[in-house]
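Participant: Pasting the relevant annotations from TrEMBL:
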type     : residues : note
TRANSMEM : 69-94    : transmembrane segment
DOMAIN   : 90-250   : domain 'Sodium/calcium exchanger membrane region'
TRANSMEM : 114-143  : transmembrane segment
TRANSMEM : 155-180  : transmembrane segment
TRANSMEM : 192-210  : transmembrane segment
TRANSMEM : 230-248  : transmembrane segment
TRANSMEM : 275-301  : transmembrane segment
DOMAIN   : 283-420  : domain 'Sodium/calcium exchanger membrane region'
TRANSMEM : 313-340  : transmembrane segment
TRANSMEM : 346-371  : transmembrane segment
TRANSMEM : 407-427  : transmembrane segment
Amino acid sequence: MRKYASEAGLLRAARQGPHGRSLTARTAHNMSASALRKKSDASLVRKVPFAPLRPVLANLQEVFLGTKLAVLFPAVPLAIAAQCANFGQVWVFALSLLGLIPLSERVSFLTEQIAIYTGPTVGGLLNATCGNATELIVALFALMEGKIEVVKCSLLGSVLSNLLLVLGTSLFCGGVVNLGSDQLYDRTQADVSTGLLILGVLCQSLPLMLRYAVSAGEHSVAADTTGLDLSRACSIVMLLAYVAYLFFQLKTHAQLFEPQEVADDDGEAEEDEQAVIGFASGLFWLAFKTVLIAILSEYVVGTIEPTSKSWGLSVSFISIILLPIVGNAAEHAGAIIFALKNKLDITLGVALGSATQISMFVVPLSVIVAWIAGIQMDLDFKLLETGSLFVSVIVTAFTLQDGSSHYLKGILLLLCYIVIGACFFVTRQPASHANNNDAGLSLPTGTSSAQVA
């Protein structure tokens, strides 16, 4: 027993830095997702008479039943069956969206398990890559099918959803529940994220402003210069800024991004996360879940237009509002749960971290991938979309500038999201512009490309 206790102590010591800082790379995203996990009942596995089968069943139990969202897993095979049986594209779309919810949460769980074995740097890079795997995979499938507007709208919607809906709901619910308590958070992390978001908005605004300036005759450009050239240059700058941000977060200033200590139901601080599955098993299941996300993402992209016609909603509204809400439901729920516990650093880490990752990594990566694949995609998100993003970032930055929170801040962010959602709900984009890949500098001089219902 002393041997095992000594080994456990050495393992815990190895996970602590020189100042007792955890080195298992538990980020705010991990902490948020962990709020939806549940402990597996090992007694059921022990009752299996065939001993060699018990480790396999225990592994399956952790991977599939170790979450409160396990009830949604049947939607995954049902979506695949509906697609194979040509049951109906609307059903395929709805079931695929539901199936993506538990899969996204399980990817977060598996990356955290792998990070326990790999250490904080590799674990942090895994989180940075897989933290928004659903949005990235959906964007890549839509990109390969030439649905540029779906790519842009879904990524824009993810940023708006995190900044306004998730953060607004969290601040409102946390403010109401903790009405008599100080609701404080670390401004440093918020300042870093909002600074990156402002840089991202600037890079996305420049191709739009250049197009208008050239069309108005205020400026001229070289004959071989197009909006694509500027967009690709801005995308490289955004990726470099994101790499610098990762170095800042994982190496030089890692202490600023550590999530707060969270007490369990007995009021005691939770210990460092322990590995419940092996390293090889974690890699296998991560690859398997990613393949399932890819399959369902392909279904979502392929059925979004028929669903739009069936539901009477525009593709832009579904992409900007519905896809981000459903795709990140698990992570969003975790952020709200920690806001209720007055752990706003974790909530801000989830909302601002996801928005920053989408804006500074997924968006420019999509442009670079399109460049490599010979697809014309730029950073011109059009006037209405870019204006909504700019206002959202500015409102969020002003809301978080004093380091304290109350429910009114949440209400203001939620109202901003409702107004923006209503705007996209009443607009209808003509079919001829649905997959517009024109990335030149020309400005339409006829009727507006967005019609009001």
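Using the three backbone atoms N, Cα and C, a Cβ is placed for every residue, glycine included.
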Participant: Which of 69-94, 155-180, 275-301, 313-340, 346-371 shares the most C-beta pairs under 8 angstroms with the transmembrane segment (407-427)?
Facilitator: 155-180
Participant: Between the transmembrane segment (275-301) and the transmembrane segment (192-210), are there at least three Cβ pairs closer than 8 Å, leaving out pairs fewer than 6 positions apart?
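Facilitator: They are not in contact.
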Participant: Should anything in the same chain at least six residues away from the transmembrane segment (313-340) have a Cβ under 8 Å from its Cβ atoms, list it; otherwise answer none.
Facilitator: 29, 31-36, 67, 69, 97-98, 100-102, 104-105, 108, 132, 134-135, 138, 149-150, 153-154, 156-158, 160-162, 165-167, 169-171, 173-174, 177-178, 262, 300, 304-305, 307, 346-347, 350-351, 354, 385, 421, 424-425, 427-429, 434
Participant: Let's see if you can do this one: DSSP helix, strand and coil counts over the domain 'Sodium/calcium exchanger membrane region' (283-420), in that order.
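Facilitator: Residue counts in helix, strand and coil order: 115 helix, 1 strand, 22 coil.
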